[in-house]
Amino acid sequence: MKNDVFERALAAYLCFAAGDALGATTEFMLPREIRDKYGIHDKIIGGGWLHLKAGNVTDDTEMSLAIGDSLIENGGYTVQGAAASFARWMKKKPVDIGSTVRRGIVNYVTKRSVVSLYSTFSAGNGAAMRNFPVVLYCLKDWVWFEEITISQCHITHNNELSDMATLVLGEVVKALIETGDKRAALDIVSEFIKKDPTFSHSKYNGEASGYIKDTFRTVMHYFFDSDSLYETVVRTVNQGGDADTNGAIAGMLAGALYGMDGIPQKWLRALDQDVVRLITKQTEDLLNAPMNVILL
Ligand SMILES: [Mg+2]
């Protein structure tokens, strides 16, 4: 059982990075433009508006690794530790950084603020996209998941829609890692949508922007409507829009369900091998790290 958990956790994190690298090519494109240019885009070839090298990842994976690093290096969660790790990442001049993320990190660097101002404009997917290491860290003691998640989200995104979606995504991927059962995920999502039907993906309208509801609906539509990891991730990134983040989150869920065997070998070979090594080490470290939390 323990090995199953490790294997699905690792597959989720690696496929998160693969979805990021694959989706970066089609970010901000329309499905029609993607079809005209690539037919079906399913190879990690880089390019896109960021002119990425094939196999490189973007802010989604880099910020996840940053928060994972902070949990390990600080021997647990501290909000200052997480914010400082984001600040170190920003100093390295990342290939991409969202405007809300930048504003939040600048506020930390200049004013030591670890809680951004509440804003209805902070309903982007930039906090949800980096929360998977928190899931891995909290698997051993889930009572801390909500508080750590909200704390790390609010460093840059202080918005209840972002909070809700990030929490439910965490619950879903936890259930998938622990059970490998798609119905467990469906139960959680159905319950959530009952409470807030505006997140429902049942009549998916193809909107795949970085707005958290669009991301949530896109990912859930393709996750539940597909029968393989390949299909889930490829259909998501071929929807364009915020294709790297949506591809990463879809990849995380698909990896947790289908495991390592579900990930195409050519994706694992194409991914930046330093990223593969960091993710593998971090997955093991986060699952084993003792729970220790200082929120303020
Ligand atoms: Mg990105």
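Keep in mind that glycine also has a Cβ here, set from the backbone N, Cα and C atoms.
Copied from TrEMBL, the annotated features are:
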type: BINDING; residues: Thr58, Asp59, Asp60, Asp242, Asp244, Thr245; note: Mg(2+) binding site
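Distribution of TrEMBL features across the structure.
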| residue | record | contacts (Cβ under 8 Å, 6+ apart) |
| --- | --- | --- |
| Thr58 | Mg(2+) binding site | Asp20, Ala21, Ala24, Leu50, Leu52, Pro94, Val95, Asp96, Asp244 |
| Asp59 | Mg(2+) binding site | Pro94, Val95, Asp96, Ile97, Gly98, Val101, Met129 |
| Asp60 | Mg(2+) binding site | Phe16, Asp20, Met129, Arg130, Asp244, Thr245, Ala248 |
| Asp242 | Mg(2+) binding site | Glu27, Phe28, Asn125, Ala208, Ser209, Gly210, Asp214, Thr215 |
In sequence order, those binding-site residues of Thr58, Asp59, Asp242, Asp244 whose CB lies under 6 Å from ligand 1: Thr58, Asp59, Asp244
Other CB atoms within 10 A, centred on Asp244 (Mg(2+) binding site): 30
Extra residues within 8 Å (Cβ to Cβ centroid of Thr58, Asp59, Asp60, Asp242, Asp244, Thr245), Mg(2+): Asp20, Gly23, Ala24, Glu27, Thr61, Asp96, Met129, Gly247, Ala248
Per DSSP, three-state class assigned to Thr245 (Mg(2+) binding site): helix
Number of other Cβ atoms within 10 Å of the Cβ of Thr245 (Mg(2+) binding site) across all protein chains: 31
